[in-house]
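> My questions all concern the structure below.
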Amino acid sequence: MSPGTPLAGAQGKAPPDGLPTPRRYYAAATVLTGMSLSVLDATIANVALPTIAADLNSPPSAAVWVINAYNLAVVTMLLPMSAVAERIGFRRMFTIGLALFTLASLGCAVSGSLLQLSLARMVQGIGAATLMCMFGGLVRNIYPTHMLGRGISINATTVALMSVLGPTLGSFILSVAHWRWIFAVNLPIGVLLMMGLRFLPEVQRNTARMDYVSALLSMAALGCFISGVDSLAQDVLRSLGLVAVAILAGLLLVRRSWGQTAPLVPIDLLRIRPVAFAVMASACTFAAQMSSYVSLPFYFEHVLGRPHLEVGLLMAAWPLGTGLIAPAAGFLSDRYSAAVLSGVGAGAMVLGLLWLVLSPLDASNARIMAGMFVTGVGFGFFQTPNNRAMLSGAPRQRSGAAGGLQATTRVFGQSFGTALVAIAFSLSAAHGPSLGLMAAACCASLAIVVNSVRIARKIGQPGA
């Protein structure tokens with residue numbers, strides 16, 4: 001059977017439109033908790049790096065691999081794991097991912113050296129990728145179509161809050177317990193989540209043979225690209241070499257996938273115009289988000305002279321805005337064009353970022369928080385309708401691939417945004433934070449352009 005074999009059940013009866021209540025609530029709670037764990041662990045260990053380095057007798061530069069190992073595993077495994085999920089079923093794949101993540105968390109907690117910890121974090125990242133690649137597809141099959149926007153808004157709010165709460169929760173755990181508890185806290189939650197697995201939906205499976213060559217090419221392309229852009233500010237030649245390898249692997253991957261019905265890299269979904277536009281716009285806004293998140297602490301401390309405590313309070317205004325607007329964005333996205341709503345959200349992001357960059361050095365905290373709040377509102381208003389367009393534009397039997405594409409786009413955009421900030425700081429240490437925020441505004445502006453093209457092509461059509 002070739003990699004291009006059609007999906008199983010594609011000609012059978014149509015799948016149910018969402019889960020009935022109360023099963024829908026239990027399934028949603030299981031997915032949200034799993035999402036919280038995987039997103040939290042991407043940042044929760046950041047604040048513990050100095051403590052970990054000292055306790056394990058390792059240099060701080062080597063301790064960074066506690067973070068890098070996790071992130072690289074996530075970004076390289078998202079697409080292969082989404083392909084596996086379509087073949088063995090979402091429920092079974094979620095079980096595997098949760099078990100892998102929980103056992104790796106135990107491995108992190110008992111590690112006796114930095115090498116052991118980094119290897120355990122890599123396995124934990126594979127488990128997280130196994131979970132992340134299914135979130136979009138699970139949401140698509142948990143909620144009925146008329147409630148899909150609201151379901152996505154709940155997920156978007158969860159991701160936004162967990163992304164920011166990671167360092168805060170890590171600091172709290174360090175203040176009351178040993179650093180090993182940063183990882184050990186996942187164990188009881190993982191065991192509890194096992195009880196919710198039976199409520200998850202089953203989706204039509206893809207009976208095509210797994211394309212292992214495409215999986216390896218995908219891992220090489222994404223892994224080399226992310227590593228290349230991350231090292232651009234430190235070693236230009238090494239960075240260019242890695243990016244060149246990534247481009248070559250990517251071209252070979254596209255050529256191999258072009259004629260397949262359900263390829264590992266979902267080129268078939270990118271041929272669907274609403275999905276393609278949603279992917280481009282999402283990459284731009286997540287690049288803007290991460291450029292902002294990395295630049296803002298430096299901007300508040302070094303440019304505006306704010307102390308650590310105030311920086312934390314100022315940063316909190318962004319997720320607050322995202323969380324408050326998400327329900328309204330979900331309600332509207334079930335009724336109006338994704339292009340219009342996402343364009344408005346991206347515009348609000350640009351407005352908020354420019355507000356921050358152009359603020360005087362003696363700006364009040366209220367003024368700064370207002371700019372952060374507007375930016376967060378824009379980000380939240382963008383995400384739900386855009387994610388809805390990406391997920392609902394794909395055939396339901398390809399919801400696993402759509403979820404993997406959504407997660408990969410997010411990680412790709414965030415990695416590119418981080419690289420932009422690194423370049424900004426390499427150009428000017430003094431003006432690096434301001435340049436990073438300007439880069440974020442430019443990325444959000446590109447999202448406006450993408451949505452303007454969407455509107456021009458299919459004005460007034462929901463999901464356009």
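Here the Cβ of each residue, glycine as well, is placed from N, Cα and C on the backbone.
TrEMBL entries are annotated by machine, without manual review.
Copying in the features that TrEMBL gives for the protein in this structure:
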type	residues	note
DOMAIN	27-457	domain 'Major facilitator superfamily (MFS) profile'
TRANSMEM	61-81	transmembrane segment
TRANSMEM	93-116	transmembrane segment
TRANSMEM	122-142	transmembrane segment
TRANSMEM	154-175	transmembrane segment
TRANSMEM	181-200	transmembrane segment
TRANSMEM	212-230	transmembrane segment
TRANSMEM	236-254	transmembrane segment
TRANSMEM	275-300	transmembrane segment
TRANSMEM	312-332	transmembrane segment
TRANSMEM	339-358	transmembrane segment
TRANSMEM	364-382	transmembrane segment
TRANSMEM	411-429	transmembrane segment
> Using a Cβ-Cβ cut-off of under 8 Å, list the residues of the same chain that are 6+ residues beyond the ends of the transmembrane segment (93-116) and lie near it.
34, 37-38, 41, 52-53, 56, 58, 62-63, 65-66, 81, 84-85, 123-124, 126-131, 134, 138, 180-181, 183-184, 186-187, 190-191, 193-194, 197, 200
> Taking 3+ C-beta pairs under 8 angstroms (sequence gap of 6 or more) as contact, is the transmembrane segment (154-175) in contact with the transmembrane segment (339-358)?
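With fewer than 3 qualifying Cβ pairs, these stretches do not touch.
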> Taking the transmembrane segment (61-81) as the reference, which of 212-230, 275-300, 312-332, 411-429 gives the largest number of Cβ pairs under 8 angstroms?
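Going through each listed stretch, the top one turns out to be 212-230.
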> What residues in the same chain, six or more past the boundaries of the transmembrane segment (212-230), come closer than 8 Å to it by Cβ-Cβ distance?
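Non-local partners: 3, 71-72, 75-80, 83, 238-243, 245-247, 249-250, 252-253, 256-257, 263-265, 408, 411-412, 415-416, 418-419, 422.
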> Which residues, given as numbers and ranges, are at least 6 beyond the ends of the transmembrane segment (411-429) yet have a Cβ under 8 Å from it?
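Beyond its ends, the transmembrane segment (411-429) has Cβ neighbours at 71, 74-75, 78, 222, 225-226, 229-230, 232-233, 282-292, 294-295, 435-436, 439-440, 443.
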